[in-house]
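Chemist: Here TrEMBL flags 276-362 as domain 'HTH araC/xylS-type'. Per TrEMBL, the feature transmembrane segment maps to 6-26, 38-59, 65-85, 97-121, 133-155, 176-196, 208-227.
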Amino acid sequence: MIKFGMWSTLLLAGSLHGLVVAGLLWAAPRNRLANRFLATLLVTVVLLITPYTIGYAGFYDAWPWLSFAPLYWQLAFGPLLYFYVRSLGDPVLPAGWRWHFLPALVQGAYYGVAFCLPLQTKWVWNDSGHLSYVMPALNALTLVSVATYWTLALRRHRNYQAWLEANSGQREELRLGWLRGFLWAVAVVVVLNLGFQVVDTAVTRLDYFDYFPFYLVLSLLVYYLGIEGWRHAGLRFPPMQAASVEPAADAAGERDWRALGERWAAQVAAAGWWREPELSLADLARHLGTNSNYLSRALNEGLGQSFSDFINRLRVEEAQRRLLGPGEVLAIALDVGFGSKASFNRAFRACTGQTPTAWRAEARRSI
């Protein structure tokens with residue numbers, strides 16, 4: 001008898017949410033590659049939850065032939081996570097990327113073959129080989145795979161954040177704290193899964209029902225990943241491989257980076273290029289008739305600032321001048337080059353130690 005009780009209903013709700021968001025991400029017009037990797041990740045996690053969703057509802061009792069249905073693709077989790085993070089800052093896939101999914105295809109093929117076996121043969125194989133050898137090996141491979149790709153994804157996130165600091169004027173809009181939270185949420189679930197495996201192997205055997213808390217947390221992860229992925233699906237992420245600029249003719253001897261930095265800073269301030277919301281290091285180098293490497297050294301070594309700090313400071317200085325007048329804070333933020341009030345507030349506080357509103361009130365009292 002099929003009956004959806006509380007357990008199966010909770011898992012079903014999370015799964016349906018994941019499938020709906022996966023469909024939205026697949027059809028999203030921007031960041032198509034990254035969003036489709038995330039959509040596929042959500043679907044594979046939902047597939048992993050499905051045997052428990054339908055199992056608690058009595059499907060396997062009613063239709064035992066459903067055993068070994070090819071719903072298990074855990075070895076795809078790690079590559080999908082990594083390529084999602086990687087594709088946010090680089091929409092071009094590396095050569096040979098498909099090989100990363102070969103273990104998942106082998107896993108899917110195994111379950112596909114086992115699913116086609118006669119029911120009696122399935123039961124014999126489950127007791128004699130699957131539970132004793134295949135499942136422990138699969139669990140170990142899944143943990144190693146997810147841990148490895150998670151580490152690569154975290155490294156990629158940090159490298160991209162550092163690249164934004166050095167090359168983009170949109171650092172405040174693209175701090176990617178949500179992506180860091182995204183990765184750590186995955187890490188928590190991986191550690192939880194490891195805990196269940198240790199208890200099952202070394203303490204006491206866990207049955208089908210003992211695993212419900214883990215799959216409930218997994219369904220909550222689907223909610224979280226789906227919501228965060230969809231919230232940021234339309235952001236414009238600058239590609240990490242910036243277009244190269246031809247080097248300017250180099251004069252003999254070592255350059256005076258401080259003098260060069262001060263001269264270029266004066267040019268930038270006078271020209272107002274910092275008002276461009278999507279200004280990059282390469283863009284500014286073209287404006288100045290130099291190359292990205294020289295400009296970066298002039299800012300870093302000459303002025304002791306990153307590109308992002310340099311641009312934000314110019315924007316904040318202009319905002320301070322305008323805040324002495326009657327303009328709205330949001331309008332001022334957009335006029336000086338920030339993409340949102342939130343990013344303006346963060347940059348303003350970093351430069352002045354106060355919010356724009358508090359700084360304005362204090363400045364007006366002192367006039």
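Here the Cβ of each residue, glycine as well, is placed from N, Cα and C on the backbone.
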Chemist: Counting Cβ pairs under 8 Å to the transmembrane segment (38-59), which of 6-26, 97-121, 176-196, 208-227 comes out on top?
Modeler: 6-26
Chemist: Could you give the mean pLDDT over the domain 'HTH araC/xylS-type' (276-362), rounded to a whole number?
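Modeler: Reported value for the domain 'HTH araC/xylS-type' (276-362) is a mean pLDDT of 90.
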Chemist: Test the contact criterion for the transmembrane segment (208-227) and the transmembrane segment (6-26): 3 or more CB pairs under 8 Å, pairs 6 or more apart in sequence, then answer yes or no.
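Modeler: Since 3 or more Cβ pairs under 8 Å link them, the transmembrane segment (208-227) and the transmembrane segment (6-26) do come into contact.
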Chemist: Per the definition of 3+ C-beta pairs under 8 A with sequence separation of 6 or more, do the transmembrane segment (65-85) and the transmembrane segment (6-26) touch?
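Modeler: Counting Cβ pairs under 8 Å, fewer than 3, so no.
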Chemist: Who are the chain neighbours of the transmembrane segment (176-196) in space, where the CB to CB distance is under 8 Å and they lie at least 6 residues beyond its ends?
Modeler: 81, 85, 88, 143, 146-147, 150, 153-154, 157, 160-161, 164, 206, 211, 214, 217-218, 221, 224-225, 228-229, 231-232
Chemist: Looking only at the domain 'HTH araC/xylS-type' (276-362), what are its DSSP counts of helix, strand and coil residues?
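Modeler: When I sort the residues of the domain 'HTH araC/xylS-type' (276-362) into the three classes, I find 63 helix, 1 strand, 23 coil.
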